[in-house]
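Undergrad: Here TrEMBL flags 1-24 as signal peptide. Per TrEMBL, the feature disulfide bond maps to 110-142. Here TrEMBL flags 114, 116, 133, 140, 323 as alpha-D-glucoside binding site. Under the heading compositional bias 'Basic and acidic residues', TrEMBL lists 212-257, 355-374. The region 'Disordered' feature in TrEMBL is assigned to 212-283, 355-413. Look at TrEMBL and you will find 375-408 tagged as compositional bias 'Acidic residues'.
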Ligand SMILES: *[C@@H]1O[C@H](CO)[C@@H](O)[C@H](O)[C@H]1NC(C)=O
Ligand SMILES: *[C@@H]1O[C@H](CO)[C@@H](O)[C@H](O)[C@H]1NC(C)=O
């Protein structure tokens, strides 16, 4: 087994303890510099159906460093599958760190941003949704209901979803996702070096059968009193209670003037419900003094539970892969890392994401601002309005957030007034889109083989 040991820069040596860096084992690190294409294999999966999407090698429409490129999905309604091999290793007795950055430049409404670790022998040219994997990790967004970080662990040839909810980032900027699995069977999930979830593999996934179960042999004792309320033995039926009739003759009824006993028969007053009648007598209910609470079967050790001290072990990890279905493309992956040292991973995130995140945010805001201005140019009416504001001494300051908001509001008012017909068309389009997304989601769900597990 060959493991690459990186030579840390002097600066990082200063920043970090010497020991942590020198001892980090890096199994795979991909910053998508020159030569990345030789390390990655694009799968033929879905190619014959013309549904395999193209990857774009780019730093994206906005970034903190135009030279820092990654790979981005570039076609809508496509499947993507790409993988890279590293020297096989086992994480037994070692910490496993899986980390990468992902940016959804599209306003993602349905698509994954997760990655996989695969084991054993995989035909990379055939890598796809059906290829079994060891770990799947990363953000997944679909509609309003799914906005989460997947952490799926394969154990005993079954995929197990994490039982805790871990919300993912939903904006259009780069974020770093980190999964750490330790030999004591604990884990931590971080986003942008901040801990979002942690716990035990035993409790947060159903990898093993439960340790304790309800004793199936146990029976409720005969004398177990589980009635919380009982009829009051002191309460007695009032005398004459049963003599109260259910109905009485209507005291207000009068024989009609024109009633003819000979022709109409003898007149009888109609009956009405008796307001005095309260139904059959029941004694009051009181708290049962002998109430013991609801009976519960005692918990016993589950005979089917066999502890597995290697529950966290993946003995032959060998590939990292991206396998996605995307309705809207634009997801950019970068800085992929598989190592044994959380400190090293943290440092990598600092050197990459943290260093350029502010510049990236500024670039993004610049793009958004330009977009607003473009919308503006197409709308001369609103330009006039803007000039009427009289704020013409400093053009560069004209586009404060407040202005942009006001413009957006004016824009939407304008739309309401003048574009009623377009709106109807838009609504119809949205309706079609919505249904398309539902169909495509089902499709994607199928490809993920998550349906049964998720639903
Ligand atoms: C790749 O990304 C760049 C930057 O966003 C973009 O200008 C270019 O059109 C993209 N190319 C393809 C083939 O999508
Ligand atoms: C592994 O899975 C099989 C088939 O589902 C099951 O019979 C067996 O008990 C499982 N073993 C463990 C250790 O969970």
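Residue numbering: from 1, along the chain as shown.
Cβ atoms are placed via backbone N, Cα and C, with glycine included.
TrEMBL does not curate its annotations; it predicts them automatically.
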Undergrad: Return the member of 116, 133, 140, 323 nearest to residue 110 (disulfide bond) in space, with distance defined Cα to Cα and candidates limited to these binding-site residues.
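TA: Result: the closest of the binding-site residues to residue 110 (disulfide bond) is 140.
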Undergrad: Go ahead and report the DSSP secondary structure tallies for the region 'Disordered' (212-283): helix first, then strand, then coil.
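TA: Going by DSSP assignments, the region 'Disordered' (212-283) contains 7 helix, 12 strand, 53 coil.
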Undergrad: Work out how many Å separate residue 114 (alpha-D-glucoside binding site) and residue 142 (disulfide bond) at their Cα atoms, rounded off.
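TA: Between the Cα atoms of residue 114 (alpha-D-glucoside binding site) and residue 142 (disulfide bond), the distance comes to 13 Å.
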Undergrad: Rank aside, I only need the closest one: which of the binding-site residues 116, 133, 323 has its C-alpha nearest to that of residue 142 (disulfide bond)?
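TA: Nearest by Cα distance to residue 142 (disulfide bond): 323.
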Undergrad: Summarise the compositional bias 'Basic and acidic residues' (355-374) by DSSP state, stating how many residues are helix, strand and coil.
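TA: Once the DSSP states are binned, the compositional bias 'Basic and acidic residues' (355-374) shows 20 helix, 0 strand, 0 coil.
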Undergrad: Using Cβ-Cβ distances, find the residues under 8 Å from residue 323 (alpha-D-glucoside binding site) that belong to the same chain and are at least 6 apart in sequence, listing them in sequence order.
TA: 43, 45, 79, 80, 81, 116, 127, 128, 129, 131
Undergrad: Counting every protein chain present, what is the number of Cβ atoms, excluding its own, within 10 Å of the Cβ of residue 133 (alpha-D-glucoside binding site)?
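TA: For residue 133 (alpha-D-glucoside binding site), the count of other Cβ atoms within 10 Å is 19.
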Undergrad: How many other Cβ atoms sit within 10 Å of the Cβ of residue 116 (alpha-D-glucoside binding site)?
TA: 25
Undergrad: Which number gives the other C-beta atoms within 10 angstroms of the C-beta of residue 140 (alpha-D-glucoside binding site), all protein chains shown included?
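TA: Within a 10 Å radius of the Cβ of residue 140 (alpha-D-glucoside binding site) lie 22 other Cβ atoms.
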Undergrad: Give the maximum pairwise CA distance in Å, whole number, for the residues 114, 116, 133, 140, 323 listed as binding alpha-D-glucoside.
TA: 17
Undergrad: Within 10 Å of each Cβ, count the other Cβ atoms and name the one among the recorded positions 114, 142 with the highest count.
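TA: Ranked by Cβ atoms within 10 Å, first place goes to 114.
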Undergrad: How would DSSP class residue 110 (disulfide bond) in three states?
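TA: In three-state terms, residue 110 (disulfide bond) counts as strand.
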Undergrad: By a simple count, how many Cβ atoms lie within 10 Å of the Cβ of residue 110 (disulfide bond), its own Cβ left out?
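TA: Around residue 110 (disulfide bond), other Cβ atoms within 10 Å: 19.
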